[in-house]
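These notes concern the structure reproduced below.
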Amino acid sequence: MCTERGRRGVFEQFVPTRLGNNGGIIRFRSSEHCVFARVRPPHPGVALGLNDPLRHVKPTVFPVWRGFGAGAGGGGWSQGWGRCLRWQPGGAGEARLSVFDYPVWLVLCRQGRARLREVCQRGRGSIRLPTDMLSINLPQLFDIHQVPKVFREDSIISGYRHPRSSALDCVLSSFQMNNETINIWTHFLPTWYFLWRFCVLCSTLNFLTDSYTWPLLVYMLLICVYPFTSCCAHTFSTMSAESRHVCYFFDYGALSLYSLGCAMSYGYYVMPDCWVNSLLHQHFVPIAIGNTLFCTSLSCYSRFLEIQFPHKSKVLRTAAFVVPFIFDTTPLVYRILACCGESCSPSDALSNHSYHVLFAFLTCFLFTAHLPERLAPGRFDYFGHSHQLFHVSAVVGTHFQMEGVIADMTSRRTWLLAHGVVPSFLGTVGALVLSLVLNLAVIGIFSAPLLWERCRGLKPPHAAPCERKEQ
């Protein structure tokens with residue numbers, strides 16, 4: 001900042017604007033430089049005239065820009081400066097400034113252009129700093145030959161995430177286009193849809209005291225849980241080989257519990273009239289609990305055969321889910337066939353159940369056939385491969401199943417309460433809790449060897465016990 005003595009010695013002409021009570025802007029000009037300063041009166045409320053000497057004001061000079069010299073055309077203004085502060089030219093030879101009611105910090109003087117450039121660079125740096133701190137580097141993707149066998153998918157060539165991804169990388173990868181992105185979102189979004197339907201039912205039905213609605217309560221809980229569990233499994237399955245297995249163990253367990261919800265809703269709402277109170281009807285839910293244990297155990301075991309015996313692993317895993325499906329759907333299929341044979345009047349419930357069965361067969365086909373990616377490996381890595389279609393088909397089938405169950409529960413309520421068994425808390429919520437505990441135990445049994453091997457692999461010689469080692 002220049003001193004007052006320096007200003008008097010250097011500048012030859014003092015051309016002020018009209019100064020009001022709040023001060024104004026004055027201009028100093030010499031043959032080489034131009035300087036602007038914001039000046040204020042010595043006392044508040046004192047108006048300064050054009051001819052008041054400089055000693056009566058207190059100028060504040062901020063040198064940030066170098067002005068034009070003598071060759072600039074008699075003190076003309078740069079266009080950038082004029083656009084910035086919106087100067088209003090007062091004549092052909094001189095430019096006249098409007099009075100500002102707020103401080104102006106931009107002043108033209110020697111080396112001001114370089115100073116302004118430095119200030120601008122620092123300003124851009126300060127603006128860029130928060131964006132750099134908030135910038136997100138998405139995880140790198142790999143091809144099939146760059147990842148271990150346990151992470152490879154049939155006929156999927158590219159779009160693999162790092163096999164040692166952190167939890168944050170796994171979450172970020174869900175917003176990055178890779179071969180798991182659609183798998184994640186095709187189950188994450190339906191989770192919210194089923195939750196919304198569940199909330200609507202909570203506002204219309206009395207789940208607390210009406211025992212007739214408890215099978216539906218269990219079913220709605222499980223159709224919200226299984227897609228969310230699948231979403232989490234696909235999201236965090238690339239943290240390690242062991243975590244991949246454990247994630248899908250929980251995915252299989254959630255699907256097994258979903259089969260229990262189907263059996264419970266079918267047993268109480270969908271069972272054909274002639275099967276009500278039969279031996280099968282009385283033991284339908286207990287058998288379904290056993291099916292969940294069979295499904296979880298066999299599907300978890302199939303993962304240990306995946307690398308050495310991939311076809312055997314696929315057969316066992318498919319059988320693990322087909323058996324509960326056949327058991328749960330048998331009463332429904334009988335009811336549909338009986339209705340077709342007797343030419344009964346169509347109903348919304350049977351229509352929805354028929355669509356559900358159709359999509360269930362389509363889901364099974366997509367899960368086993370690996371089409372269309374098997375026909376053109378690498379063409380459907382990111383969008384359109386069978387597992388994505390499998391997710392969509394399963395969710396659409398679940399939607400029709402839910403609509404059919406709700407329709408049957410509403411339309412058959414009077415008849416079922418009069419002729420059937422009234423649902424009990426122990427037979428519905430109690431069965432769910434028991435099955436949950438047993439399936440978690442099965443998952444723990446299959447996960448323990450994997451976690452133990454991982455723990456031993458991470459443990460250096462003479463290290464503390466594994467359970468104390470920080471993972």
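Glycine too: its Cβ is placed from the backbone N, Cα and C atoms.
Computed from a predicted structure; not experimentally measured.
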Query = HIS387, HIS391 bind Zn(2+) in TrEMBL, but which of HIS162, HIS234, HIS245 does that record place at the same site?
reply = HIS234
Message = Labelled transmembrane segment by TrEMBL, one stretch among 283-304, 305-326. Can you tell me which?
response = 283-304
Under 8 Å by Cβ from HIS391 (Zn(2+) binding site), counting only residues of that chain that are 6 or more apart = ILE182, ASN183, THR186, HIS187, SER230
Task = Would you kindly list the residues that approach the transmembrane segment (248-271) from elsewhere in its chain, counting only those six or more residues past its ends and only Cβ-Cβ distances under 8 Å?
result = 215-216, 218-219, 221-223, 225-226, 229-230, 232-233, 237, 281, 284-285, 287-289, 291-293, 295-296, 299-300, 303, 320-321, 324-325, 327-329, 331-332, 335, 349, 353, 401, 404-405, 408-409, 412, 416, 420-421, 423, 428, 431-432, 435-436, 439-440, 442-443, 446-447
Request  = Could you work out which of the binding-site residues (HIS234, HIS387) has its C-beta surrounded by the smallest number of other C-beta atoms within 10 A?
outcome  = HIS387
Message = Quick check: with HIS234, HIS387, HIS391 left out, which same-chain residues have Cβ atoms within 8 Å of the centroid of the Zn(2+) site Cβ atoms?
response = GLU180, ILE182, ASN183, ILE184, THR186, HIS187, SER230, GLN388, PHE390
Query = Helix, strand or coil: which one is HIS234 (Zn(2+) binding site) in, per DSSP?
reply = helix
